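Shown below is the structure under consideration.
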Amino acid sequence: MIDLRSDTLTQPTKKMREAIYNASVGDDVYGEDPSINRLEELAAEMTGKEAALFVTSGTQGNQLAVLSQTAPGDEIIVEAESHIFFYEGGAISALAGVQPRVVQGLKGEMSPAAVKNAIRSDDIHFPDTSLICLENTHNRSGGSIVSLENMSAIYDLAVNAGIPVHIDGARLFNAVVASNHNLKDFTQYCDSVQICLSKGLGSPVGSILAGKKEVIQKARKWRKRLGGGMRQAGFLAASGIISLTEMVNRLAEDHEKASKLADAIEEMNGLTLLNRPDTNIVIVNIEKTLQTNAEFLDKLKKEGVLAVSFGEGQIRFTTHYDVSEKDIEYAISAIQRVI
Ligand SMILES: *Cc1c(COP(=O)(O)O)cnc(C)c1O
């Protein structure tokens, strides 16, 4: 099977498995796991933040960022199709007790004017706006890159309003590699950032949350409250260190594969490309084939290729480490047969 459902499907590399086997570990709830401590120091240094925390997942990292920077009854600004709003089971309301103020973006970018407009003024009727969340790359827009200009403009107005900015950077390194910038060029425009080690970076489990010391301290307590205080989790951190030090630059290969897939799909009758992929995600509208998503995906599966439904008439393909260029060529011919 050529599995293009998600970059979460990557298998840990041989080097990761060796690092996991050989990792020195301790009780991380006691702060005594040397591998976790090393990963957290590395993540803080790479993001240019005071501290970092190893967390179980991207969702947990995002939720800890919300829990640590808001109070119940607050309002947070989120993009209309952002993961935090769309895909986290309503956790911001269920856990942090905050309500979302939704701003519709364009390819994941909220206009600074719309964000400014969404910030509540001081009025006894209003909730307090306590956090602005950005997502980069933006998943539902097909892994699109939120530009540094956009981030900088939103960060400036957030600083002026005294409101922290969180980046859901599940795939921030994809933006870094595709735009030829440094990680810190992006993270300078936020107070906290979450980055997944488990997607294109290949680790089996985990994300990092980085930010100011006091935010990370609060997040550490919230992580414990939520049952995310793990013991000898250095086995996972050992792999995470390889993700951060050895798996970043190769993301460019995933982007090339997505681009190749998009080029071929663009030429196919009946398929409409919804995005020129900036990174590793290709979203395609299949309505003109007159097939339902289920029919299309089922036929594709019989050809040995997996993808996912991404809303009515839309299919998502995601490239990653475990699909080769040859696999992409095969997938292109399979898609052609299906339509
Ligand atoms: C995958 C993803 C997450 C959540 O990560 P999990 O580890 O699956 O919880 C958060 N934000 C974005 C943009 C994602 O793509």
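Glycine too: its Cβ is placed from the backbone N, Cα and C atoms.
OK, TrEMBL features for this one:
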DOMAIN    3-287  domain 'Aromatic amino acid beta-eliminating lyase/threonine aldolase'
MOD_RES   Lys199  N6-(pyridoxal phosphate)lysine
Does the residue listed as 'N6-(pyridoxal phosphate)lysine' have same-chain partners at least 6 apart in sequence with Cβ under 8 Å from its own Cβ, and which are they?
Ser6, Asp7, Thr8, Thr10, Ala170, Arg171, His320
Mean pLDDT over the domain 'Aromatic amino acid beta-eliminating lyase/threonine aldolase' (3-287): what is the value?
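Taking every residue in the domain 'Aromatic amino acid beta-eliminating lyase/threonine aldolase' (3-287) and averaging pLDDT yields 97.
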What does DSSP say about the residue listed as 'N6-(pyridoxal phosphate)lysine': helix, strand or coil?
coil
